[in-house]
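Beneath this line is the structure, given in structure tokens, with notes to follow.
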Amino acid sequence: MATLQDIGVSAGINILSAFVFFIIFAVLRLQPFNDRVYFSKWYLKGLRSSPARGGAFAQRFVNLDFRSYMKFLNWMPEALKMPEPELIDHAGLDSVVYLRIYWLGLKIFTPIAVLAWAVLVPVNWTNNTLEMAKQLRNVTSSDIDKLSVSNIPEYSMRFWTHIVMAYAFTIWTCYVLMKEYETIANMRLQFVASEARRPDQFTVLVRNVPPDADESVSELVEHFFLVNHPDHYLTHQVVCNANKLADLVKKKKKLQNWLDYYQLKYARNNSQRIMVKLGFLGLWGQKVDAIEHYIAEIDKISKEISKEREEVVNDPKAIMPAAFVSFKTRWAAAVCAQTQQTRNPTQWLTEWAPEPRDVFWSNLAIPYVSLTVRRLIMHVAFFFLTFFFIVPIAFVQSLATIEGIVKAAPFLKFIVDDKFMKSVIQGFLPGIALKLFLAFLPSILMIMSKFEGFTSISSLERRAAFRYYIFNLVNVFLASVIAGAAFEQLNSFLNQSANQIPKTIGVAIPMKATFFITYIMVDGWAGVAGEILMLKPLIMFHLKNAFLVKTDKDREEAMDPGSIGFNTGEPRIQLYFLLGLVYAPVTPMLLPFILVFFALAYIVYRHQIINVYNQEYESAAAFWPDVHGRVIAALVISQLLLMGLLGTKHAALAAPFLIALPVLTIGFHHFCKGRYEPAFIRYPLQEAMMKDTLETAREPNLNLKGYLQNAYVHPVFKGDEDDYDIDDKLGKFEDEAIIVPTKRQSRRNTPAPSIISGDDSPSLPFSGKLV
């Protein structure tokens, strides 16, 4: 078990690491050749030019102004200067609300920490229960545990203090959550009301279009919406399966990068042609001329791309039973997106379309009927992933409990002979080991989310974040506590009756605070400080700049600003909320470490959002109900654990008074859900009508159809250098097929005449396009 000395060694290592990271960052950010890495957002907005273009040759690469190095931490106050309204305009509402999660942590835990240290620490410290348990029952403990509830004897009246504090912590947390929910809801409504025109405001995604033997998907979609939304339907774009085409385009881009590299290399030294080997990684195989080889490969794959495009456009099997349908007004889109279209609730399913940059195109090709099966498979896979990950978690706990294991395994005693090494192993290594084990988890969870078939990047990230949160709850928290308790009290477990084991675990739960303190310092202190260095984007930018960049456009594409990473960042924040709320009434020693994390992370990520991150999408803070719900879950878990802990301490008179807390907390959650959540899942028709009215008054001659015409065209049909225009293949729908007649024997309320019946109907234009 980590002692106070071990915690001190870990704190020293992590504080030193964070300080070194900040110094390195301060030096690197001042160098002109790194300007595009550490200020990439300003370059993407076109508001910053490279300082390396002017001045002396040396000044283009190295900052020779030594006065700038004297203020190496001035980026911290600068990150706090930009006011929130300006930050919303600069980075979007998603980024600002994400920052408010850190601010929420500070608002919740600062008063809680002050109250806990003022009231609970003296109550816990003035007892000798652990000393007596150590002598009588051979229970392992440290000086830090004397500040916890474990140090209070059974049947003590002092437990009433912890119950009163639990009520105080709950009331304060719920109050802050309610005020924040109200603020975020108002920010969202105001943001949506003042937001510039976007295609997704007028568009819905229609899925599970029923098959029809007589009509194509495009014709069927048009007929359905002309009949059921006759005054509001504007245009649509059917979805196609272009995944194979997208893979070919991606492969061609890689080949083009290699060709650019070898052409640039040959231009610098044209004394001899460049030769490459065709074998694995260029280590063996036939030698060929590099430039000629890649020109031939690009020509070959270009022909494949053209052929695949023809197949996608002309093959009915490539057309999916889904479409992006656009309307003349936001009001009409809101009505369609938020209502059931037919008596069969499994057909003609409508939802708000993601904004074009948020669409995850490859998943649109997944048949809707297979989504349930896919999600069931992923639920099972996630269960086994979570279950089997308990093994490395138990290994991490063994690193954190050397002293306890030595009691049962004396041959390991040589490990703890050196006090400093023992402090490093127990105070630093467990946190590092756990962080390494979790390194690949976000990628695995994102792959699982993609397999489930979500159609937008934002929904993918929210699902991955939810699974990461559950994983942290089960493995990082619960498994660490249970496995750690078993390791720490191993000798006690082996020499006591079975009915005494729950009591030993109850005493041991607060003792795991030492492990979580070390993890917070590794992940929340040094880890957050290391984020600002951006080592991977920095290295990749300079490699691309050296070998691939030929133009300013190439240099812009070489930048990798990244984003806030909701799927990884938010679950980590929620783990700290969970730890803080669980240990606030149990071991207040942990709270200052959490406060340092929230304060440091708020400053670092505010700087990154202002200067670096380029958000991939804008959901107008649609994720906030998830954030609120997980904090509530952490609060309920903390109450249940405290109730169980007091039960093991035989606080029979005091413990029942905690039963009301989870009930009241869940009731509070339902109140907030009913009061504020509708602003995040539905678009008020009143707001939509107001925005439409204002836009009509300001732009009476707006060509909305032209604005929406190509908004949801698949990216593989856009901006390619090949002389290919999808409208050339589908222009007949615009020019020749002004009216799309039905081909059925009988059809009521058809806005176009039937080919067979010849009934008259008003002419209505068709504007369907292929996505």
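The backbone N, Cα and C atoms fix where each Cβ goes, and this holds for glycine too.
According to Swiss-Prot, the feature topological domain 'Extracellular' maps to 1-4 (among others).
Residues or ranges marked as transmembrane segment by Swiss-Prot on the basis of experimental evidence: 5-27 (among others).
If you average pLDDT over the topological domain 'Cytoplasmic' (28-100) in this model, you get 84. Sequence annotations record features per position, and here Swiss-Prot assigns topological domain 'Cytoplasmic' to 28-100 (among others) based on experimental evidence.
Residues annotated as transmembrane segment in Swiss-Prot, with experimental evidence given as evidence: 101-125 (among others). Residues of the same chain lying 6 or more positions beyond the ends of the transmembrane segment (101-125) and with a Cβ under 8 Å from any Cβ of it are 146-149, 151-152, 158, 161-162, 165, 168-169, 172-173, 176-177, 180, 570, 573, 576-577, 580, 584-585, 588-589, 591-592, 594-595, 598-599, 601-602, 605, 627, 631.
The topological domain 'Extracellular' annotation in Swiss-Prot covers 126-156 (among others) and rests on experimental evidence.
Under the heading transmembrane segment, Swiss-Prot lists 157-178 (among others), citing experimental evidence as support.
The topological domain 'Cytoplasmic' annotation in Swiss-Prot covers 179-374 (among others) and is backed by experimental evidence.
Annotation source Swiss-Prot lists transmembrane segment at 375-401 (among others), citing experimental evidence.
Annotation source Swiss-Prot lists topological domain 'Extracellular' at 402-419 (among others), citing experimental evidence.
As annotated by Swiss-Prot, transmembrane segment applies to 420-445 (among others), with the evidence given as experimental evidence.
Tertiary neighbourhood of the topological domain 'Cytoplasmic' (446-462): same-chain residues 205, 354, 358-360, 362-364, 366, 370-371, 374-375, 377-378, 381-382, 565-567, 616-617, 619, 622-623, 626, selected by CB-CB distance under 8 Å and a gap of 6+ residues from either end. According to Swiss-Prot, the feature topological domain 'Cytoplasmic' maps to 446-462 (among others), an assignment based on experimental evidence.
The transmembrane segment annotation in Swiss-Prot covers 463-485 (among others) and is backed by experimental evidence. Within its own chain, the transmembrane segment (463-485) has Cβ neighbours under 8 Å at 382, 385-386, 389-390, 393-394, 396-397, 400-401, 434, 438, 441-442, 445-446, 448-449, 452, 454, 504-505, 508-509, 511-512, 515-516, 519, 566-568, 570-572, 574-575, 578-579, 582, 623, 626, 630, 637, counting only residues six or more beyond its boundaries.
Annotated topological domain 'Extracellular' per Swiss-Prot: 486-504 (among others), in sequence order.
Among the features that Swiss-Prot reports, transmembrane segment is placed at 505-533 (among others).
Sequence-remote contacts of a segment are chain residues at least 6 beyond its ends whose Cβ falls under 8 Å from one of its Cβ atoms, and for the topological domain 'Cytoplasmic' (534-566) they are 28, 33-34, 36-38, 40-41, 43-44, 94-95, 98, 257, 260-261, 264-265, 458, 461-462, 465, 605, 608-609, 612-616, 623. According to Swiss-Prot, the topological domain 'Cytoplasmic' annotation covers 534-566 (among others), on the basis of experimental evidence.
What Swiss-Prot lists as transmembrane segment is 567-588 (among others).
Contact check: the transmembrane segment (567-588) against the transmembrane segment (5-27) gives fewer than three Cβ pairs closer than 8 Å, residues 6 or more apart, which falls short of the contact criterion. Taking Cβ pairs closer than 8 Å, the topological domain 'Cytoplasmic' (606-625) reaches residues 37-42, 44, 75-76, 78-80, 82, 87, 90-99, 181, 184-185, 187-188, 191-192, 195, 354-355, 357-358, 456-458, 462, 465, 531-532, 534, 561-564, 566, 570, 673, 677, 680-681 in its own chain, all 6 or more past its ends. Looking at which of 505-533, 626-648, 652-670 has the most CB pairs under 8 Å to the transmembrane segment (157-178), the answer is the stretch 652-670.
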